[in-house]
Amino acid sequence: NLHENGPIVQKSNLDQFSSLCKNGQVREAVRLLTAMESENLRIGPQIYGELLQGCVCERAYFTGQQIHARILKIGESIARNEFVETKLFIFYAKCNAREVAIRLFSKLEVPNVFSWAAIIGLHCRMGNHEEALLGFCEMQKNGFPDNFVVPNALKACGALKLIGFGRGVHGYAVKMGFDGCVFVGSSLVDMYGKCDEVEDGRKVFDEMLDRNTVAWNSMIVGYVQNRLNEEAIEMFYDMRVEGVEQTRVTLSSFLTASANLGALGEGLQGHAIVVLGGFEVDNFLGSSILNFYVKVGLYEEAELVFRSVSQKDVVTWNVIICGYVRNGKFRKALDLCHLMRAENMRFDSVTLTSILSMCADTSNVKLGKEGHCYCIRNNLESDLAVASSTINMYAKCNRINSAIQVFNSTTKRDLVLWNSLLAAYAELGLSGEALKLFYKMQLDGVPPNVISYNSLILGFLRNGQVDEAKDMFSQMQSLSILPNLITWTTLISGLTQNGFAYDAILIFRQMQEAGVQPNSVSIVSALSACTALALLHYGRTIHGYITRHYLFPSIPIATSLVDMYAKCGCLYQAKNVFDTVVNKELPVYNAMISGYASHGQAVQALLLFKHLVDVGIEPDSITFTSILSACNHAGLVREGLELLNDMVSKHNMKPGMEHYGCVLSLLSKSGNLDKAYELLETMPYEPDAYILGSLLASCKEKHETELGEYLSEHLLQLEPGNSGNYIALSNVYATAGMWDLVTKVRNVMKEKGLHKNPGCSWIQIGQELNVFISGDGSHPKTKDIYATLALLGMEMHFTEHAPMIY
């Protein structure tokens with residue numbers, strides 16, 4: 001053999017060869033090898049080992065394969081050499097040729113520390129973290145401790161969130177004296193952050209004597225991943241004070257933290273550092289800058305950054321598209337989707353999830369179907385996130401059968417997918433189907449979580465099944481599933497909407513006792529409950545809570561407070577709240593105008609309406625309903641007619657039934673029945689029961705029997721089962737002294753089984769709500785109440801007939 005019989009390579013040639021490989025001049029080294037072979041020199045294993053090491057450094061995969069072929073051609077004298085075998089394995093491992101590397105590793109008789117490090121590193125890079133940890137354990141058994149392997153083991157623990165194993169590796173590192181190594185320390189910080197134990201990571205960081213950029217980055221990334229954004233920003237500033245060099249990872253994490261907090265100043269500083277530092281705005285860094293601008297609502301800046309990104313990948317497109325969808329800028333999002341396709345970029349699951357979410361929010365089933373078809377054509381329909389979004393889209397578009405088909409066609413169903421269909425049923429009030437699905441998911445081995453219970457409770461409340469919703473709420477607590485903010489808010493809002501206002505207030509109190517801080521939705525719902533029952537005491541308590549927790553002056557909360565105080569008879573307090581709102585918006589004005597209207601203060605209502613228009617706020621339908629109601633209560637006919645005319649002429653609004661109803665009631669109560677009837681005839685709507693009822697009541701006052709009969713005929717056609725309509729007609733006849741017809745109407749009521757709805761009133765004493773219904777003697781203190789009323793009646797009688805003293 002040429003290599004066995006020729007002269008030995010001289011040391012000068014060997015040094016030259018080694019130098020070429022170390023300096024990355026692999027091709028020159030191959031040419032030197034060819035020259036050596038032509039001189040029939042005896043080439044030993046070290047030459048091939050050096051050459052393979054050079055290929056590793058340069059990741060010269062094709063050249064390495066050629067060298068491997070030469071080795072095999074030479075024969076077993078080189079191919080079976082332990083040094084060459086190890087170098088060959090390390091070459092394939094470092095080049096991520098997994099199958100070849102594993103096969104070569106299995107052939108190694110006694111793997112050394114470098115071989116173990118290479119195979120464990122390969123497993124980590126390829127995402128085979130379990131195999132990496134098994135290799136680490138096997139390496140320890142064979143007595144090969146190495147501080148360069150520990151970081152890979154810690155990386156695998158972080159990826160798998162195996163905090164127990166990670167602590168074990170930490171203990172091993174301390175025992176072997178590796179904890180002083182900056183690479184091990186940085187990996188420990190990273191592992192603890194990924195396992196949601198960021199404070200333990202901080203302890204390791206604080207004990208590190210030598211902290212490099214990687215260690216600082218690991219700490220900042222850990223804080224961001226654990227939603228400790230303020231701490232991440234503080235760490236970033238400490239890093240700059242220490243003079244540690246920032247990298248793309250540092251700045252990306254800092255920008256993400258700024259975006260999460262909506263910290264405009266910090267994010268702008270981050271972008272400035274990127275520019276001043278000369279960093280290339282590539283897809284990685286560009287996506288972070290984009291995300292920041294989108295989240296703080298600076299869309300023009302976001303578009304500028306988007307256009308400046310050097311190489312846009314699908315993540316870059318997704319950031320801006322998702323941002324537009326989240327903020328309701330659907331036209332912009334759709335335009336970008338078209339542009340993305342025009343540039344031959346394929347949608348991924350994130351893009352499609354955003355598109356389907358947009359279709360759900362806009363009830364655009366046509367576009368939603370197109371998105372669904374794209375999923376099927378590109379084999380994305382099995383992606384669980386896409387499937388969940390598709391179900392949600394069809395449900396929001398009221399295509400529940402299509403949503404069920406998507407669910408049934410998905411073979412691998414996770415909890416999120418089950419919850420998606422549960423939520424779809426709940427939104428539509430299909431509580432029976434939701435309950436069946438709830439039990440079916442458990443039979444399929446998927447235990448429900450708090451989101452599942454939330455959907456079920458919502459479904460019951462949407463369907464008016466209050467007792468079932470309460471039972472489900474009790475059941476989840478008995479199973480140690482803690483209600484979250486959404487659970488409490490859903491229950492409070494649902495109880496209020498179903499007429500169980502007092503129960504809603506009690507739940508609101510329980511929520512606070514459980515240590516859950518209410519959000520604006522739950523507070524608004526609780527205030528609505530107080531308004532419904534005129535419970536001023538509870539309303540004031542909630543107002544105190546808002547003030548103590550600095551939740552004021554949110555527009556929805558301020559509006560609810562103004563409404564609550566006004567409807568509970570405390571108009572001056574409603575005005576105080578109104579005055580404290582600095583940047584007033586239309587809903588707050590509407591609530592205050594409505595408050596003035598209900599208290600008969602039409603002049604103040606009109607002045608506030610004029611002020612609203614003067615400051616450039618455009619009134620809406622609710623504004624006009626409130627101001628016309630104020631005119632109605634005060635009998636301001638001229639002002640009411642002018643406002644109805646202004647709706648069309650000045651504000652380009654089409655009056656609705658409620659606006660015509662207010663004006664018709666105003667005209668009829670002021671005795672202008674002819675004008676009222678004329679407006680009724682020209683109105684572009686068929687009159688509803690409210691309008692006919694208000695006119696009928698005026699007929700009683702004005703003794704308009706004939707018109708009353710005409711109106712009653714239409715009213716009884718609209719609401720044949722409403723006893724109030726018969727009573728109103730009876731009152732018209734009674735006022736006119738037509739007692740025979742009164743008796744006739746009353747007899748018709750008896751034949752139809754109709755009864756006058758009894759009046760209802762209530763009063764709160766301490767923590768107890770006392771409800772009284774006309775003719776009901778079920779209250780436990782009925783006798784005492786009637787006895788007291790009798791005494792009061794007697795006292796009033798004697799006071800009335802007592803002689804006056806001058």
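Note that Cβ sites are derived from N, Cα and C of the backbone, with glycine treated the same way.
What TrEMBL says about this one:
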REPEAT    112-146  repeat 'PPR'
REPEAT    212-246  repeat 'PPR'
REPEAT    313-347  repeat 'PPR'
REPEAT    414-448  repeat 'PPR'
REPEAT    449-483  repeat 'PPR'
REPEAT    484-518  repeat 'PPR'
REPEAT    585-619  repeat 'PPR'
REPEAT    620-655  repeat 'PPR'
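Here the repeat 'PPR' (620-655) has Cβ contacts under 8 Å with residues 586, 589-590, 593-594, 596-598, 600-603, 605-606, 609, 612, 662-663, 665-667, 669-670, 672 of the same chain, all six or more residues outside its ends. Counting only same-chain residues 6+ beyond the ends of the repeat 'PPR' (484-518), those with a CB under 8 A from a CB of the stretch are 450-451, 453-454, 457-458, 460-462, 464, 466, 469, 473, 476, 525-526, 528-530, 532-533, 535, 538, 542, 545, 549, 769.
Helix, strand and coil residue tallies for the repeat 'PPR' (414-448), in that order: 26 helix, 0 strand, 9 coil [DSSP]. For the repeat 'PPR' (212-246), residue counts in helix, strand and coil come to 26 helix, 0 strand, 9 coil, using DSSP.
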